[in-house]
């Protein structure tokens, strides 16, 4: 192999290694900013064909309906909890702060936070659904499922999910 061809080969290898290293570092840096979207049923029963459940401490977003009668507020602090449900189950969300004005029981909601033990989401942000136009696509897909059953029907599903 002549020296000119050898130096080009070395240069090509170095460039490919540099691109690979740069891509790896960028993906590693962005990893902490990736929040996967789940519905309550996907948290309880797993997501996709492999039924992957979120790990404790994983950042995620959850979308569903606020279960009527589930909102509990602490009178002395801004802490509160409520259940978010879909056709496949219900999950408890805890939040500290002031809720959006449009937050109501029976309304659509998206909460962003960290998955904790007991199928609980410790939310850092809660967004209330206010108009069909502003619903994120993944929430719109999740909401196509049947939400017409009474909220009481989901309490037994949530209890089963918390027991596992």
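Our numbering is plain: 1 for the first residue shown, then up by one each step along the chain.
Any Cβ shown, glycine's included, is placed from N, Cα and C.
Matching 9-29, 30-50 against Swiss-Prot, the residues noted as transmembrane segment span 9-29. Long-range neighbours of the transmembrane segment (9-29) within the same chain, counting only residues 6 or more positions beyond its ends whose Cβ lies under 8 Å from a Cβ of the stretch, are 1. For the topological domain 'Cytoplasmic' (1-8), same-chain residues at least 6 beyond its ends with a Cβ under 8 Å from one of its own Cβ atoms do not exist.
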